[in-house]
Ligand code: ACO
């Protein structure tokens with residue numbers, strides 16, 4: 001027998017307020033043309049009063065529960081990836097557990113910035129396969145969420161960063177299922193994951209505050225050009241690693257759902273691997289960079305518009321502050 005964590009539902013949520021590049025250019029020294037040319041971004045959603053990381057996460061989770069035909073009580077584990085929690089503690093995952101009424105679930109946050117969802121899904125996958133990790137409620141189902149409100153940590157006077165990010169949330173429900181070993185090539189679920197960290201690059205992408213240093217929340221700082229260079233190399237390397245582990249070539253992939261940082265990073269990574277651009281799911285034009293939310297958000301968009309179909313091979317990948325990066329191959 002093989003045990004796989006299968007994706008049985010997805011959902012996403014965006015703040016009500018959509019801000020176009022033109023609208024942004026009224027208050028920031030920038031232009032629609034500059035933003036589109038350098039990043040592919042046309043608009044982003046910005047959280048308003050009452051909209052927080054946890055409320056967006058809970059909205060995305062409710063939609064995922066709906067598509068899976070489950071209630072919150074059916075969930076045994078909640079892993080929430082975020083770099084913009086509602087509070088320093090308790091975790092935003094605890095708040096989501098309460099908002100949903102998922103009383104059978106144990107819940108915690110994972111912090112790996114833009115790669116957070118890759119870290120969260122790998123963690124949930126591993127836990128679902130252990131008797132102790134899957135034990136709560138005996139249900140073996142995880143709610144894996146990426147949710148962010150980066151608008152609250154942006155320096156709106158820094159045009160080099162504030163135009164790049166947006167707010168949102170995406171959620172996936174994983175269920176551990178057993179399959180006969182001879183079905184390994186066709187069984188749905190997570191096939192392989194790889195994660196990496198290189199802490200030496202802190203100064204290229206970071207927040208200049210924190211509870212244990214300045215006692216403030218801080219603002220996002222980034223050396224964009226250098227991040228770009230590392231992103232393309234690291235992502236191509238980790239994608240190759242996961243494909244090698246699974247014994248597949250890029251041509252076998254039906255879809256790549258990348259972290260939506262920048263259309264140029266997506267294009268450059270696809271080119272490096274010889275992946276046709278039409279196999280890459282792109283939502284950066286509508287959402288900008290939503291950090292840990294971007295992969296599950298893009299995945300949900302592609303499921304709902306009919307691109308991702310059951311039985312297809314899908315690669316998730318992301319890179320972010322830390323640096324952290326990772327990839328995950330699954331059959332939908
Ligand atoms: N509007 C207009 N002009 C701008 C803006 C703006 N919003 N931002 C910067 N500029 C100007 C700069 O002042 C500079 O002007 P100068 O030449 O007169 O000095 C010029 O544009 C070029 O600035 P650079 O920062 O060198 O621009 P670059 O071509 O590197 O593009 C960008 C910047 C888009 C951030 C790019 O470096 C990039 O995409 N980096 C990847 C970073 C990223 O996506 N990070 C996301 C988080 S990490 C992750 O998720 C992978």
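A Cβ is built for glycine as well, from the same backbone N, Cα and C atoms used for every other residue.
Of all ranges given (250-254, 255-259, 260-264, 265-269), TrEMBL attaches the label region 'ACP-binding' to 260-264. Taking the C-alpha positions, the distance from residue 259 (active site) to residue 114 (active site) comes to 7 Å.
DSSP assigns residue 114 (active site) to a helix in the three-state reduction. Considering other CB atoms within 10 Å as the measure, the emptiest surroundings among the active-site residues 114, 289 are those of 289.
Each residue contributes its Cα atom, and for residue 289 (active site) and residue 114 (active site) these two points are 9 Å apart. Taken residue by residue with DSSP, residue 259 (active site) is part of neither helix nor strand, so it is coil. Within 10 Å of the Cβ of residue 259 (active site) there are 33 other Cβ atoms, across all protein chains.
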